[in-house]
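Report on one structure; see the data block that follows.
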Amino acid sequence: MDNLQTLFDHLYQGKPLTREQMAQVFSTIIQGDMQPATMAGMLVALKMRGETIDEIAGAADALRQAAKPFPRSDASKQSGIVDIVGTGGDGHNTINISTTAAFVAAAAGAKVAKHGNRSVSSKSGSSDLLSHCGIALTMAPDAASQCLDKLGLCFLFAPHYHGGVKHAVPVRQALKTRTIFNVLGPLINPASPEFMLLGVYTLELIEPIAQVLHALGVKRAMVVYGSGLDEVALHDNTHVAELKDGVVRTYQLSPEDLGVNRADIAQLTGGEPADNALITQAILQGKGLPAHRDAVAINAGCALYISGICDSVQAGTQLALATLASGTAFTLLTDLAAASQAGEHNE
């Protein structure tokens, strides 16, 4: 164990920390043992230099190790599970594309454990939307695991599993700037998914985050930046860093590559959680606007590809479109709402 002050001095001098040293620093944060001023200085020092892959992985290690355990069945370990998640912070108040896509991917055969939170930077985060769809956020881990096995989908509410992160909230709010915490959320899913479709808020992050996912043991992933969006874009090209067989390759995908027509980003503008819940329900019933349907389908399609359900993103998108037309994804939403109410865990 290194002396913490020595580690802080390293950071203030612009020197990187090892993965193990960073895990030690973040363990101190989530135990509530770091002074706010020290935490602020550390977060800003990291931001000014730029976090390394080892530092991000080490911070994620600490948070994952401290999380409330999520029990995985043998069946889910054999099939593998996928998360569809974004860092947020892209500045566009769109409809809840990744959350809606999670229902579609699950209805099409993937096992989806979506890790989400209430909104920080937009009007409606995934958990805000789910509440309005009648889905209880505080399911006991055992009940959520059963939903994953029986329905192919569960939602894991971040504060329910990561209680220690609350110690950083006042400092993050006071700093009013992005810090390493903005990229940690998608990396600390307590279900430890083997596959990930992860959207980021800037192009510069796609390759480093793909390398972090590899370091954390993720088998296959697409880290995407959709021309201003933290998801696969319908309005323009999407930059992709794909992790497969331990190798990261980068490329671009256009909406046309995915088999859909591009649409202006204004067509994806969302509203308050109640509005977005109605939009999601319409999409899942096969009654959504064409741009809404296609935006959800291309994201669900990429998730179906990386989880091995489909051999290409194009095939995944076609399966997602067929699933939306069938209405089975809406049935899944109602089934999950009923199961979540039964499995709610009040603390």
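Glycine is treated like the rest: Cβ placed from N, Cα and C.
Per Swiss-Prot, the feature anthranilate 1 binding site maps to G86, N117. What Swiss-Prot records for G86, 89-90, T94, 96-99, 114-122, S126 is 5-phospho-alpha-D-ribose 1-diphosphate binding site. What Swiss-Prot records for S98, E231 is Mg(2+) 1 binding site, and it gives sequence analysis as the kind of evidence. For R172, the entry in Swiss-Prot reads anthranilate 2 binding site. Swiss-Prot lists D230, E231 with the feature Mg(2+) 2 binding site, giving sequence analysis as the kind of evidence.
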Exercise. Between E231 (Mg(2+) 1 binding site) and G86 (anthranilate 1 binding site), what is the CA-CA distance rounded to a whole number of Å?
Worked result: 7
Problem set entry | Rounded to the nearest Å - Cα separation of T94 (5-phospho-alpha-D-ribose 1-diphosphate binding site) and R172 (anthranilate 2 binding site) | 24
Exercise. Which one is it: of the binding-site residues H115, R172, D230, whose Cα lies the shortest distance from the Cα of G86 (anthranilate 1 binding site)?
Worked result: D230
Exercise. Just checking, which of S98, N117 (binding-site residues) has the fewest C-beta atoms within 10 Å of its C-beta?
Worked result: N117
Exercise. Which one of these binding-site residues, H115, R172, has the sparsest Cβ neighbourhood, judged by other Cβ atoms within 10 angstroms?
Worked result: R172
Exercise. Can you tell which of the binding-site residues S98, H115, N117, R172 lies nearest to D230 (Mg(2+) 2 binding site) in space, using Cα positions?
Worked result: S98
Seminar exercise, completed: One finds that other Cβ atoms within 10 Å of the Cβ of D230 (Mg(2+) 2 binding site) number exactly 26
